[in-house]
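Let me begin by presenting the structure, written as structure tokens, before commenting on it.
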Amino acid sequence: MGKDDVVQSGAGGGEFAAKDYTDPPPAPLVDAAELGSWSLYRAVIAEFIATLLFLYVTVATVIGYKHQTDASASGAGADAACGGVGVLGIAWAFGGMIFVLVYCTAGISGGHINPAVTFGLFLARKVSLVRALLYMVAQCLGAVCGVGLVKAFQSAYFDRYGGGANSLASGYSRGAGLGAEIVGTFVLVYTVFSATDPKRNARDSHVPVLAPLPIGFAVFMVHLATIPVTGTGINPARSLGAAVVYNKDKPWDDHWIFWVGPLLGAAIAAFYHQYILRAGAIKALGSFRSNA
């Protein structure tokens, strides 16, 4: 008997095997009925506000750190390099905000806060096309508004310190930047799938682990690895919002990396989880044979 099965007594005294978890049905590709549901628009609003707050806190942290460590601005000379929250603090800001916001919005919208996450879940048929598109639009608009708030509150420093925009660091090729974004987003989306897997939830129901916790830690760890390369995108809305508000040439030069990389990473993670770990291809083949 496989690990996915438990033994239950049948009505006739026999025994039969049944799953100890239930997979939700696949979301329809297009669900027109969703457009008449308030729950959809409530979820879209939640994604907008969550992404706005995410960009506001994280970009403000980046700008503040750069100001604190600017020797010419602080007058601290060589000691300025030891000031501020540091790269570790920036990574904590991103990971911590994801933990908080996913916890707050998971029951309303699923807590995506990232077009790459939404795209991966759409490919896995966890959300419909209508919901996925509305989420992505809301996330991008929320990101622009969030960075806009940072510029409004820190207008003296926003442009001077790069507006928190992602760009390819000097010394790295476009291939290296693209690869870093693909791998980083794969780690994040793979963690999302694993943390929300109904099989894991059934087996680990006795362990009080919140799904937002590993997701936030994944964001934290990826930032530590990727900040020196691209400033860490792994979220097209985050990269777009900062690029739009900052609106200088450098962030736009290689902006495609921060869309292509995360979307590819999300697609690979969705395929790996659904068709390798969850054996989706084998299940589909078995269903085809049984119906033949």
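Even glycines carry a Cβ here, placed using N, Cα and C.
Summarising the annotation, Swiss-Prot assigns region 'Disordered' to 1-20. As annotated by Swiss-Prot, transmembrane segment applies to 43-63, 82-102, 133-153, 175-195, 207-227, 257-277.
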Result, the transmembrane segment (133-153) in contact with the transmembrane segment (82-102) (3+ CB pairs under 8 Å):
no
With a cut-off of 8 Å between Cβ atoms, can you find at least three pairs linking the transmembrane segment (257-277) to the transmembrane segment (175-195)? Only pairs 6 or more residues apart in sequence count.
yes
Any residues 6+ beyond the ends of the transmembrane segment (133-153) with a Cβ under 8 Å from its own?
40, 43-45, 47-56, 59-60, 63, 109, 112-115, 118-119, 127, 163-164, 236-238, 240-242, 244-246
